[in-house]
Amino acid sequence: MPKSLYILYESAAGFSLFYVENFESIASNTEEFQDALSEFVRFSKLAKLIAFSPFTTAETAFDNLSKLSEYEITANLSNFLDSNLPKVKEGKKPKYELGVFDHKLAAVIHEQLKLPATSSEKITEIIRNIRLHFERFVDHLRTSDVIKAQLGLAHAYSRSKVKYNVNRADTMVVQSITLLDQLDKDINTFAMRVKEWYSWHFPELVKIVSDNIVYARCVQLIGDKSTLSEDSLTDLEKLVGDEQVSKNILDAARTSMGTGIEEVDLINIRSFAARVVKLAEYRKHLHDYLIRRMNTIAPNLSALLGEQVSARLIAHAGSLTNLAKYPASTVQILGAEKALFRALKTKGKTPKYGLLFHSSFIGKAKQKNKGRISRYLANKCSIASRIDCFSDVTSDIFGRTLREQVEERLKFYETGSSSQKNTDVMRKAMDELNTIVKESHEDLERAVDETDVEKEENMEEDNEERDRSHKSKKDKSKKKDKEKKKKHKRKKEKMDTDESNSKEKRHHKKKKTDKTLKEKEKQDKMQI
């Protein structure tokens, strides 16, 4: 007797179980089978929905399906299959098969739940068409609802896989250091252009003021050299920061060999000088931003090398993760790839350092020790970048410790003095980090306790206020009831008095009528 087939279909909406009739007699490659799958009327005769267990919340859907993606059987799925599949007596084989889309999941279900789960090409084709017609099988389930559930689940699942941290986005560092390098080139080019342009009018100023940005500020202030007087000395002194330099500028302006200048040209020169000054101010602002970001993203690497060199290494590698994956030998020559390939091609000497040349340690070392300190520094950079990339705690303790080790190695190369062991140094740094983490946890717990106490106090105040309001409402209702009772009593008394008055009136009226009737009878008798 052929076995019956049940199909497990897991979707963003919930778990569903289908029963497929005459499964053994179906030929998957025939046109009849393909037509039956594509048309819902014919497919609904082949596959019938037996049970559907919807996910109550988005969190439940995410928990169940994320665990299934990692081949873990959830309690929801286990209960669903147990309550809807035919029961099998002990010692007997089941007379059905459970079709599952993934063969690995089928193996896990068979192993953990002891169910006859299977997967094949034919089952995959049936599940694909169940997905196509699923909304029509389930009552009150719209296509828009399924799409929303799928979209929400996709976002949640992707977020859990990526685990993106906005505060550690190294893309910002890559863009910032690239822009900083470009700004340095542009500011230098523009400053030289200001000097060349203004030197036609006041050539002596270039020799007196060497700094490019101060020169541009002086151009803005001075303008036409003929208008410069002793009244401008205080402003000049503020710009150049030296009284003697300001006096030299004034003397040079009086004896200058430069040509005269028109107002229109002077306006353009001043405008261009103002642009150079603004660019320099923005460059300073960008540099401060880069320092802050580097201390957040790679604090240990920044403490070891400095923010700019560290940022250039990250930018050259593409990301902090890529840099962390590089071996120390690659970090050492990072930025000197052309020289390396040229040396390999010509069979010459390979470069000793790349971007690490800009580090202060390479400059401090003697020529014979530059290669050795570069290799040692690259080793420490590799350690620092891995700590920054994979550590959850943001701290520069290891970076400062590694920097001390590099300085000790420099002294060892120069004087031969012994340095501390790496294990001892790292153990000290780890103890210091654990202390900081413990203190931060204690502070966090205290803050949580304070917030809890504050919440309790607020709740007590709210309860007291609620009680007061409830009491006042109760008092008001009691007062209203009293007033209502008084009003009702007054009304009743009035009604009673009105009733007694009406009774008296009726009695008097009756008496009067009786009297008139008697008098009338008397008169009638008298007449008779």
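The backbone N, Cα and C atoms fix where each Cβ goes, glycine too.
For 438-449 (among others), the entry in TrEMBL reads compositional bias 'Basic and acidic residues'.
Under the heading compositional bias 'Acidic residues', TrEMBL lists 450-464. Secondary structure of the compositional bias 'Acidic residues' (450-464) per DSSP, as helix, strand and coil residue counts: 15 helix, 0 strand, 0 coil.
Remote same-chain residues near the compositional bias 'Basic residues' (469-492) are listed as none (criterion: CB distance under 8 Å, separation of at least six residues from the stretch ends). Residues or ranges marked as compositional bias 'Basic residues' by TrEMBL: 469-492 (among others).
Annotated compositional bias 'Basic and acidic residues' per TrEMBL: 493-503 (among others), in sequence order.
Same-chain residues lying 6+ beyond the ends of the compositional bias 'Basic residues' (504-513) with a Cβ under 8 Å from its Cβ atoms: none. Annotated compositional bias 'Basic residues' per TrEMBL: 504-513 (among others), in sequence order.
Look at TrEMBL and you will find 514-528 (among others) tagged as compositional bias 'Basic and acidic residues'.
Residues belonging to the domain 'Nop' (297-415) score a mean pLDDT of 90 in the model. Annotation source TrEMBL lists domain 'Nop' at 297-415.
Residues annotated as region 'Disordered' in TrEMBL: 437-528.
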